[in-house]
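J.: For 1-107, the entry in Swiss-Prot reads transit peptide. Among the features that Swiss-Prot reports, region 'Disordered' is placed at 28-47. Summarising the annotation, Swiss-Prot assigns Ca(2+) binding site to H130, D143, D145 and lists similarity to another entry as the type of evidence. What Swiss-Prot records for R299, D398, N431, I433, Q663 is thiamine diphosphate binding site. For D398, N431, I433, the entry in Swiss-Prot reads Mg(2+) binding site.
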Amino acid sequence: MSQLRLLLFRLGPQARKLLATRDIAAFGGRRRSSGPPTTIPRSRGGVSPSYVEEMYFAWLENPQSVHKSWDNFFQRATKEASVGPAQPQPPAVIQESRASVSSCTKTSKLVEDHLAVQSLIRAYQIRGHHVAQLDPLGILDADLDSFVPSDLITTIDKLAFYDLQEADLDKEFRLPTTTFIGGSENTLSLREIIRRLESTYCQHIGLEFMFINDVEQCQWIRQKFETPGVMKFSIEEKRTLLARLVRSMRFEDFLARKWSSEKRFGLEGCEVMIPALKTIIDKSSEMGVENVILGMPHRGRLNVLANVIRKDLEQIFCQFDPKLEAADEGSGDVKYHLGMYHERINRVTNRNITLSLVANPSHLEAVDPVVQGKTKAEQFYRGDAQGRKVMSILVHGDAAFAGQGVVYETFHLSDLPSYTTNGTVHVVVNNQIGFTTDPRMARSSPYPTDVARVVNAPIFHVNADDPEAVIYVCSVAAEWRNTFNKDVVVDLVCYRRRGHNEMDEPMFTQPLMYKQIHKQVPVLKKYADKLIAEGTVTLQEFEEEIAKYDRICEEAYGRSKDKKILHIKHWLDSPWPGFFNVDGEPKSMTYPTTGIPEDTLSHIGNVASSVPLEDFKIHTGLSRILRGRADMTKKRTVDWALAEYMAFGSLLKEGIHVRLSGQDVERGTFSHRHHVLHDQDVDRRTCVPMNHLWPDQAPYTVCNSSLSEYGVLGFELGYAMASPNALVLWEAQFGDFHNTAQCIIDQFISTGQAKWVRHNGIVLLLPHGMEGMGPEHSSARPERFLQMSNDDSDAYPVFTEDFEVSQLYDCNWIVVNCSTPASYFHVLRRQVLLPFRKPLIVFTPKSLLRHPDAKSSFDQMVSGTSFQRMIPEDGPAAQSPERVERLIFCTGKVYYDLVKERSSQGLEKQVAITRLEQISPFPFDLIMREAEKYSGAELVWCQEEHKNMGYYDYISPRFMTLLGHSRPIWYVGREPAAAPATGNKNTHLVSLRKFLDTAFNLKAFEGKTF
């Protein structure tokens, strides 16, 4: 190889000259023969070194195997390469060499010039976007850097970078296969090459795509943008674009005239976003998409609702009326946060299309994973594995796109098998400012869109004051998504004509920018003048279009005054047809029984302890676990993992789709679940026995997630939005880690129904328990969930027949801490069998997963049984309640510590222990019954958490309300602390010992006042 490289180094020009002759098989032939080929394939790519190497090695092996011209060339080349400069040469050879050198010099120059042109073309493809004219204001460079790459020919003197001269500008050069600027031509002059490259890469569109590591995808983009004449629009397309711009701009103008002092976060400065979104939807509809799910922030949201989703204008305008009364319970939300669902005909394609705009909070980008989850679910229920029928569009602000970490988390879900939505079109409203923050202070990367490079998503920057460029880019983006099932980003470089909101004064912080903005001609006028000048429309037609839309707005404004009541349910983004009655209420308020037939339990247990596939070798340790499950099934008992298996399996039998997601959920953080079996002999061969229960069962999805909480929990929340007939669960690796998803919990799960009248049945499984494992592996922070529960601690409830189910219907979420596998089984089934949906927070155990006493009998799970909100004392103390001196209430794992300690002290008759399985809504009725039963006993709340954490601050005032402050509820547990747990095992055991001693010291509270 080194010999060949030396040879080519010395005689490269001759080799290229030889390749260029028509009697040699050119690059692309790839055919060896004893004679010249009958047809000679030509290539615009020039010389292929690999082809020369191929010929050379073939010649070394057998000189007769190559064409005679190659044989002559290699013989001469080898001979000349072996002659050193110090060796004497015969006069004839010297004369021949001089002629050869002269020829070589010319050939070398020609080849080098062609190579320079190829490098030049590649330079524009890679770096042309840096000098594209993207800022409508002409103030900023879109990449925040005024540096011009030295390999772009922005001035004549730059030709020297490639060792080219001005005289070369009119020379013809063969174009490589990696460009389409020639169209049908194979050669162009250097001047024309530069002109076409400038036109493609350095005008109002800046393309970032050369980092993509797929040649086909790069070629596809090059062809879409480099081919001459691709951006030509018909008269009808231009008129449609103008009409859409009219609607976009006049809508904002109308709001500004009618409600000049109201916040609306208008779209002025980026009015082109409306035709941009409509183009993406039109093109996608043309390619077969039937359902588009959108997520976006507040900027321009009302305009999107009006002109993209096509919400009735009077429904939007009436929201500006301060006297409008809310018909729905709950807080409601501001108008620029509300969602929408609408089915209509797409006028361009004449096809049905469903558009959903997902409601979102002010927390920027938080809606991104929610939209992706909802999209994934809609694709799943339609059987749309390739994303041909359902797609998502996400609209972002430039500052948030660069600044919010959830954007990165969401991008990294885009190609995971259980999370991909087969491509999302991202539209960035890049108004070059974040509230008052200059982009130079808002990001370290050149562009706000650089985060998208991590998933090889192409990025199309476009000047928003060039509507035709915007529309073309959006059309290509929709095609890209349909062709490659990958994300794509459209960066609309625009400006913000007003302040962050309409009451804000931007001149305080951006005086020079806003001086320019005040001079800026609106894009509608620019484009209208252009079309009028070229004769596409007349001035009269343009004015009539404006008057027409103004009239539509005025008429809607008149109708809006008749609206006296606001129905938030009319703004629902995810309706569930047939689940509620016509008024949006549950069809019944019956509390479900959640037990199942014993033969179903046995069947699920047998499948859970087997391997349904033949010749599937599992790990020996797993064989032991499966044998244990089989043994429990025979004995009619279940542990925690088997109870979960039976809950899931029974729901699958009833046609309920189950999806479990989170970090390491397939095996389980604590190696207890093992829902996915792995063949020990065949790499990546897996088996999910849960999908082999019944022939006609619903599908079960269990999937390890990326190491993300915020993004993945948001995704699962969105997934649960799509249908009520599914059990969607997210499990934290440890309950402590849920707080990195706190935004989703606070803004969507806890408050979603109150703000947006949106039911959601998502389940959070949060491993929790004080076991001496340190402050980050102990607490799921139950106090936070209970603090956000909306039941009134001071309101004494009325105990009606349907009190239990009414409590559940009125709450914002359900919080449980199950102490038995049976309770866990029932609460999971109840979650789906209730006639409505509420989020369920489950504090799940760790050590109880294998605790010998933490088992349940089939008798507690068979037909006729149901979830017990409270499990009362059933031992000797319950037989003689009048003799009981202390009644301890507790929840979760600490129950087993208390029972063990009570037994060791022989206090079974003096101390009763009652467990709360459901903490919120608080089981007032059951607590009252238990307190009355032990009327002479001292009441104690015992928890293993610290006093300022856990449950005490929640249960204490409710006990007081229930008991009329007549009996105190004493606290037993750990002292207040800053950290949730200790990392020192000895300290943990000492504190455990201390509160257990207090719990069973019957004189501990003598003389104390409550």
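Including glycine, each Cβ sits where the backbone N, Cα and C put it.
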J.: Looking only at C-alpha atoms, tell me how far H130 (Ca(2+) binding site) is from R299 (thiamine diphosphate binding site), rounded to the nearest Å.
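T.: If we compare the Cα positions of H130 (Ca(2+) binding site) and R299 (thiamine diphosphate binding site), the gap is 27 Å.
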J.: Neighbour count first, Cβ atoms within 10 Å, every protein chain included; then name which of N431, Q663 tops the list of binding-site residues.
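T.: Sorting the candidates by Cβ neighbours within 10 Å, the top entry is N431.
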J.: So among the binding-site residues H130, R299, who's got the most Cβ atoms within 10 Å?
T.: R299
J.: An 8 Å radius from the center of the D398, N431, I433 Cβ atoms defines the neighbourhood of the Mg(2+) site; name the other residues of that chain inside it, in order.
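T.: So the additional residues around the site are G397, A399, V429, N430, Q432, G434, P439, C494, Y495, R496.
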J.: Helix, strand or coil by DSSP: which one applies to D398 (thiamine diphosphate binding site)?
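T.: DSSP assigns D398 (thiamine diphosphate binding site) to helix.
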J.: In sequence order, what residues of the same chain, 6+ apart, have a Cβ less than 8 Å from the Cβ of D145 (Ca(2+) binding site)?
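T.: In sequence order, H130, P446 meet the Cβ cut-off.
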J.: In the structure shown, which of the binding-site residues D143, D398 has the fewest other Cβ atoms within 10 Å?
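T.: Among the binding-site residues D143, D398, the sparsest Cβ neighbourhood within 10 Å belongs to D143.
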J.: Non-local Cβ contacts of I433 (thiamine diphosphate binding site) (under 8 Å, 6 or more apart, same chain)?
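T.: In sequence order, A399, P439, R496, P506, Q510, M513 meet the Cβ cut-off.
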J.: Identify all same-chain residues not among H130, D143, D145 whose C-beta atom falls within 8 angstroms of the centroid of the Ca(2+) site's C-beta atoms; report them in sequence order.
T.: H129, V131, D141, A142, L144, S146, F147, P446
